[in-house]
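All remarks here apply to the structure that follows.
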Amino acid sequence: MPTDAKRPLQLNDQGQLRHFLSLDGLPRELLTEILDTADSFLEVGARAVKKVPLLRGKTVCNVFFENSTRTRTTFELAAKRLSADVITLNVSTSSTSKGETLTDTLRNLEAMAADMFVVRHSDSGAAHFIAEYVSPNVAVVNGGDGRHGHPTQGMLDMLTIRRHKGDFTKLSVAIVGDILHSRVARSNMIALKTLGCPDIRVVAPRTLLPTGLEQEYGVRVFTDADEGLKDVDVVIMLRLQRERMQGGLLPSEGEFFKLYGLTEKRLKLARPDAIVMHPGPINRGVEIESAVADGSQSVILNQVTYGIAIRMAVLSMAMSGQTAQRQIEQQEDAE
Ligand code: NCD
């Protein structure tokens, strides 16, 4: 789908969030507003009473067609901390075709008067499909669609980088591992580019690299990990997405670890104050050494905490965009 086609679907006439489907085409100011809003919600998470009434009386429905632990639970917590009523459905994709499953499930959920759907699906474009289908007062948030995108993960990664490293325009960031199958890599490349990061590197074996990345995302591609990690400020490691691989894209996990795994020795090539990130779930000894995952440069667990704040920001912003949209519609109806 061309970028321009996504804008009207995601944003209302005032440029506010209406749905949150993809980082593609979203302006820097909006990404910064999400980060600033999340910063203020981090403070709520540190209070004894971790709640604000922003979504009181609203119903948020998490619909997960694909497994998830971190994303599902942090979306749930985010909605609860905003005082929404939350239900979570783990829907099996089974053998039913995509259109039928989604449409049937949605009809049922709409009958429960949900105000927001958070959707994870193994098919790229599923959240867009749903956003086009739902009634005008329902907001849709993408919790990860196939290989396409994972915009809240992208934004929580940006919050992590901003809180630990500051100004994006002065940073070198390396994204390492299974780029081909990673929706996280895509969302991160778009977010980093939009936020003005001048040196975005992707590091992977040729078999796990999609073609045309340089042109599409303005990144530098490295097949040699030692070269790619040299002097970077941020290392984002990715999991090998075995479930999305067909056939022999890799010789073996052992070989992958030898060439691309983040060991203490390899991390020394980055800047001494570099941070290490990973969206989880981590596979120790496959893409990352335990000593690094648990080491002083790792911010992997901070990412999880920041994920709640980012999801609170996105849910509340999409809902206030909705409210504005609703007011306009009501005004128009009255005229
Ligand atoms: C990622 C995902 O599901 O896309 N994980 C996550 O959201 N925490 C990355 C992965 O599964 O490797």
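Note: Cβ is positioned from N, Cα and C throughout, glycine not excepted.
What TrEMBL records for 18-162 is domain 'Aspartate/ornithine carbamoyltransferase carbamoyl-P binding'.
Neighbour list (His150 (carbamoyl phosphate binding site), Cβ cut-off 8 Å, at least 6 residues apart, same chain): Thr71, Asn142, Gly143, Gly144, Arg183, Val184, Arg186, Ser187, Pro279. The carbamoyl phosphate binding site feature in TrEMBL is assigned to Arg70, Thr71, Arg120, His150, Gln153, Gly280, Pro281.
A coil conformation is recorded for Arg239 (L-aspartate binding site) in the three-state DSSP classification, outside any helix or strand. The Cβ neighbour count for Arg239 (L-aspartate binding site), using a 10 Å radius over every protein chain in view, is 19. Feature annotation from TrEMBL assigns L-aspartate binding site to Lys98, Arg183, Arg239.
Taken together, the residues in the domain 'Aspartate/ornithine carbamoyltransferase Asp/Orn-binding' (171-317) have a mean pLDDT of 95 on the 0 to 100 scale. Per TrEMBL, the feature domain 'Aspartate/ornithine carbamoyltransferase Asp/Orn-binding' maps to 171-317.
When each of the binding-site residues Gly280, Pro281 is scored by how many other Cβ atoms sit within 10 Å of its Cβ, Pro281 comes out lowest. Same-chain residues with CB within 8 A of the center of the Arg70, Thr71, Arg120, His150, Gln153, Gly280, Pro281 CB atoms, the carbamoyl phosphate site residues themselves not counted, are Ser68, Thr69, Gly143, Gly144, Val184, Pro279. In three-state terms derived from DSSP, Arg183 (L-aspartate binding site) belongs to a helical segment.
Mapped onto three states, the DSSP output places Gly280 (carbamoyl phosphate binding site) in coil. In this view, the densest Cβ surroundings among the binding-site residues Thr71, Gln153 belong to Gln153, judged by other Cβ atoms lying within 10 Å. DSSP assigns Arg120 (carbamoyl phosphate binding site) to a strand. The two recorded residues, Gln153 (carbamoyl phosphate binding site) and Arg239 (L-aspartate binding site), show a Cα separation of 14 Å.
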